[in-house]
Amino acid sequence: MVNYEVTVSTGNFAFASTFNNVFIKLVGTDGESKRKWLMGFKGASSFTIGAVSSFTVSCPGSIGKLVLIELDKQCLPLFPEDSWFPIKVEVKSPEGDTYNFPIYRWITDSKVYRFREGTALTVFEDNHHLGRHSRQKELDQREKDYRWHVYVEGIPHCMKAENPLSLPCEVRFSFTKTTEFLYTASTGLTELQLKGLANCKEKWTDIDAINRVFCCKRTDISDYVQEHWKEDAFFGYQYLNGVNPILIRRCSALPDNFPVTDDMVFLRGQCNLTNEMKKGNIFLCDYKRLDGVKANTINGKKQYLMAPLVLLHKTPDDKLMPIAIQLKQTPSDDNPIFFPTDSEYDWLMAKIFVRSADFNEHQLNVHLLRTHLLAEVFAVSLLRNVPMVHPLYKLLIPHTRYTLQINHLARLVLISETGVFTKFAASGGEGMMTILKRSLSSMTYSSLCIPDDIAERGVEAVPNFYYMDDGLKLWDIIQRFVQGVLSFYYKNDAEVQKDSELQKWISDIFEHGFLSQAFTGIPQSFTTVAELVKFVTMVIFTCSGQHSAVNSGQYDYGGWMPNTPISLQLPPPTTKGETSEATMLQTFPDVNTTVQGMSTMWLLSKQSSDFVPFGQYPEDHFSEKIPSKLIKDFQGELEVLSAVINIRNKKLEVPYTYMDPKKLENSVAI
């Protein structure tokens, strides 16, 4: 007889325990063990929360190299069936070898589950017939569990699920996350001390009234915003380091529909527009995606959503200053171009309409579509097409955590017919889908890759652009890590080309995420290791750094409503010289619209206590030494970047923290 020492670890979180009987079978290249009841000296406590329990499985002789294990649990008569979350099983063979079996999944029934040894294997490396069989069986089940669904034609497909509880256990929130999220969602108005205002459909009577509401919950940055929101320099700064840093682009020639001339923007001939454009000092923000979008009706009142053009000038002291604003796309006598030299409220109202347009462009295109919806496509395709033993699965699964449930909740409570965004945003309802469809139809692969995007927008030399500075460094660190890991498994381009699971993953993303639109530039297949590395880098960056950059500052920059109005309820001025503070207050959203927006941004900016910082992997999926070392090196580089960002931020009036690896999450989880 020979003995195999089996160690089983149970998750260290709420409800991970089982008191059912647990059984195991070891399967090797030369045979298999009998199904063994794991009954140890700990008895019923062998599989409680955080337990690490050891057992002996005896066989008449060696069963060779271990390929997989079979696990199942059976409830005792008259006892209920419970759920169990084993995290891993370690087996020491009589030959002295140690085999690791990552599990990290809920076992909720009495079925037999097969788990592969932790060595990552691409499909062409998986030579053992038992391995190939279990691989296919796993994917067959996954295709049933993770099904595509068309939520609305013309936008990325999502996962089919009737409600959060119908999601597979592995992708649901933890008990901690569920409790905190529901608490924050249900008490947001109370926590902000705004509950009594949630049904108030009155207009704001003065700025002090807005201030009294805002003072209920503040951050350091939101305080700064309240103090500086009217300033041109801060207006320009937000295009670089606010929540929408991807719209601004260098302007080398004015668009035909924006007839700005030298004498309009540069008084007394101090500068020449053409020369400033040649020097790279003129920038354009064009909200053309919003043109003609049907605005919402809120509290029975028609709302207004403009499609502005904004011209900015980089001054000699490195400030980005707005110099011209046109609020509608088509020039006309009743669509004046506004300038800083106009009256205080003419110019301020122009900027307010721009900031409201930016809110709607940001929420639907920059935030929802380009991070949440794409992250869901990446995750569903991974879970449908790539088995747990595959290196791509091991690399990407940490970056899918909670994404499917948070997106399901977004469709349920934010963008549904009765959702907060639908009811209270200027672009809610019909306009929302128009913007999403237009955004997807204009999206390109290069715009999702920050080095390419920065170059295409011509903003490489813009000073004080911390989103760019930190984002490019983060991208490089991710790319080196991904290159190291994938090059360990794919020795040449041919191995990438013949990996059918890898090819099905990208094919599904192209079809269901980008609706088979070749003009996007999204790969339809992978032909080289370099192509694969770049795409996987983009996926990880999108799900972590990019999402943090466009999500985490929402309350910072939107908590003070005048800086980011969720909607506006008077049309913009058609002639100059007729606006006042009273006009501004009448244009702002009603009290209830304001507080619903504040509450939602508070919820979406609030970090969960079971937050996993970027680059930390509580689940140990890789067994090999080289990938494990690459992970440690990756974490070391992230530590250095975090330190560099912190040193830089100490010198800044407004610190930029959204790309700090210690503050951003591994996945789209909020």
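Cβ atoms here come from the backbone N, Cα and C positions, even for glycine.
These features come from TrEMBL:
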DOMAIN    2-121  domain 'PLAT'
BINDING   Asp82  Ca(2+) binding site
SITE      Trp106  site 'Essential for stabilizing binding to COTL1'
DOMAIN    121-670  domain 'Lipoxygenase'
BINDING   His367, His372, His547, Ile670  Fe cation binding site
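Mapped onto this structure are the features recorded in TrEMBL.
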residue: Asp82; record: Ca(2+) binding site; contacts (Cβ under 8 Å, 6+ apart): Ser17, Thr18, Phe19, Asn20, Cys75
residue: Trp106; record: site 'Essential for stabilizing binding to COTL1'; contacts (Cβ under 8 Å, 6+ apart): Ser83, Trp84, Phe85, Cys169, Glu170
residue: His367; record: Fe cation binding site; contacts (Cβ under 8 Å, 6+ apart): Val243, Val550, Asn551
residue: His372; record: Fe cation binding site; contacts (Cβ under 8 Å, 6+ apart): Thr403, Ile406, Asn407, Ala410, His547, Val668
residue: Ile670; record: Fe cation binding site; contacts (Cβ under 8 Å, 6+ apart): Tyr402, Ile406, Asn551, Leu604, Ser605, Lys606, Gln607, Ser608
Query raised in the report: What average pLDDT does the predicted model assign to the domain 'Lipoxygenase' (121-670)?
Result: 94
**Report entry** Other residues, Cβ within 8 Å of His367, His372, His547, Ile670 Cβ centroid (Fe cation site)
**Finding:** Leu368, Thr371, Ala375, Ile406, Val550, Asn551, Leu604, Val668
Query raised in the report: Of the residues in the domain 'PLAT' (2-121), how many are helix, strand and coil by DSSP?
Result: 5 helix, 56 strand, 59 coil
